Amino acid sequence: MGGFSLGCGLGWSAPSVEILRSQLDDFAINVIASVLPIGAALGTLVVPLLVDRIGRKWTMMVLVPVLISGWILLICAGTVVPFYVIGRLVTGACGGMCCVLAPMYSAEISEKHIRGTTGVFFQLMLVIGILYVYCTGFTRDVVAISSLCIIAPIVFGVTMAFVPESPLFYLTKDKEEDARKSMRFFRGPDFDIEPEMSAFKMCIRDSCKCGRKQEQVERSKFRRPSITAFTSKPVLKTLAVAYGLMFTQQFSGINAIIFYGLTILESTGVGMESQLELVIFGVVQVVACVAAALLIDQVILCYVYCDVESCSTDFAIYNLSNGRLALRMRSKHSQLGRKLLMAISMSTMCACLSALAGFFILKSYQPELADRMHWLPLTSVCVYILAFCLGAEIYTLDSFLVCDKRVHTVRVKLFSMTNTLKLIVSKESYRTFDLLGPIPWAYMGEIFPTRLKGAASSSAAFFNWLLAFTVTITFPSAIGVLDNAVVFSFFALMCALGTLFVIFFMVETKDKTFTEIEQAYGTHVPVQPVQDEEPPSME
């Protein structure tokens, strides 16, 4: 429901803007529509201050009354512009925090066989939330639209009140008994939770740099990186690539189309009702999200002979104590790498925006021909959003599978989605489990050094939302001054330049470990491995 709430906030302006035009001036409407990303940007900066202190659950619970108050302000605003602005800022801040918190909590509580499915739910619920608020636009009333949107945080709060905190968070606070209670709540009283508890502990040790002594690990769990850590040339290069990808994403015009979809479709002047076209656009987003998850789903079969120690380019087996072993796997998925997928996605978006710009040119100079091509605007927008969604990141991670020491076959299924990659292990009789934490932000989760990932990803998310505000606040004025054809031609040009940026500056991360990615960017800091029972690094 966190994703659904964010989707309601993102989609609210599309049906509401045209309704408010009869009551407010254009400048006020532009500010109301575009201020949400500013709130979201500020919200992402708050998350690191709370999530490791009060926990995932209670950070989300704090958001519920705040989010409800934001929607109440929008319901009661009438013609009072400050109420609209504050309401949008509040809903934006809560939405920005939800886009970090919800996938994190979901990944940490999910059972192994459904972790991939629950992980993809956030993005799916987000686009369903957008579609939902598009459908509320048929009421032709801003109060009704906002009143229907307030249902989401209420349901969210009631649901979260009855579930415990993440067991992984409890372990980071050395509350093992609470972690066990939480795990039993989600798994049932008779479920063997020891393998997953061990996996979480291993994950915490690994995230705190397994090369340090145990007492150093304990002290480093919540240590913040210094400012000087971000000033080295390799890290600055990584930040430049991350920020460049954020720039190309936002200046592709995606949020302008989502925020002002109804205005854009009405300006085409085609015969179909614009509100219905907007709903069709929302349906396409949902279909594209589902298709993206299915497209990059893959099943791998591998045979593990547990009585020998072996190593290949795809996996390595390491002996542990107590008759157990660890299988370190390198994920295999689509033959298309990140760079090629993103280049195809952005070039397709460029073609769609060029077609839309061409339609507006025809409408100005050859209106009769434009009337015969009435299908082009909606088709261009739908293919555009398909290309945007299907160009989502595919993630590569090293993962651990710890199992009983005997000969058996392991079936591994990889799920790749907008924010998380999960390794799902299924086997009939032998005890196995997966060890793979959430990835907060797409490519950013891969390229940033482990020691800087939290702060760097937060800054990248802040930059993303700041750019979203810039695009959405200037879009209506640009349309009025420059015309639709010029604006969409500009977005098409940005997609073309973004394609070149991806080709020449983006480092391919397909089939690479975090260490290999850091080495490619020059940000890797070697550490001495601890001589214990943890599997060695696979270089």
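Even glycines carry a Cβ here, placed using N, Cα and C.
In the predicted model, the domain 'Major facilitator superfamily (MFS) profile' (1-510) shows an average pLDDT of 70. Summarising the annotation, TrEMBL assigns domain 'Major facilitator superfamily (MFS) profile' to 1-510.
Residues or ranges marked as transmembrane segment by TrEMBL: 27-51 (among others).
According to TrEMBL, the transmembrane segment annotation covers 58-80 (among others). Long-range contacts of the transmembrane segment (58-80) within its own chain (CB-CB distance under 8 A, at least 6 residues past either end) are made by residues 2, 5, 12, 23-24, 47, 50-51, 86-91, 93-94, 97-98, 101-102, 105, 142-143, 146-147, 149-150, 153-154, 156-157, 160-161, 165.
TrEMBL lists 119-139 (among others) with the feature transmembrane segment.
Among the features that TrEMBL reports, transmembrane segment is placed at 145-163 (among others).
The annotation transmembrane segment is assigned in TrEMBL to 240-264 (among others). Below 8 angstroms of C-beta separation, residues 10-11, 13-15, 17-18, 33-34, 37, 130, 134, 137, 274-275, 278, 281, 346, 349, 353, 377, 381, 384-385, 388, 443-444, 447-448, 456, 460, 463-464, 467-468, 470-472, 475-476, 484, 488, 491, 494-495, 497-498, 501-502, 505-507, 521 of the same chain, each at least six residues beyond the ends of the transmembrane segment (240-264), sit close to that stretch.
For 276-296 (among others), the entry in TrEMBL reads transmembrane segment.
Look at TrEMBL and you will find 340-362 (among others) tagged as transmembrane segment.
Look at TrEMBL and you will find 374-397 (among others) tagged as transmembrane segment.
Annotated transmembrane segment per TrEMBL: 461-479 (among others), in sequence order.
Nonlocal intrachain contacts for the transmembrane segment (485-507), taken as residues 6+ away from its ends with a CB within less than 8 angstroms of a stretch CB, comprise 240-241, 244-245, 247-249, 251-253, 256, 338-339, 342-343, 346-347, 349-351, 353-354, 356-358, 360-361, 364, 443, 447, 475, 478-479, 517, 520-521. Annotation source TrEMBL lists transmembrane segment at 485-507 (among others).
Same-chain neighbours of the transmembrane segment (27-51): 9-10, 12-13, 16-17, 20-21, 59, 62, 81, 84-85, 88-97, 99-101, 104, 255, 259-260, 454-455, 458, 461-462, 464-466, 468-469, 472-473, 475-477, counting only residues six or more beyond its ends whose CB sits under 8 Å from a CB of the stretch.
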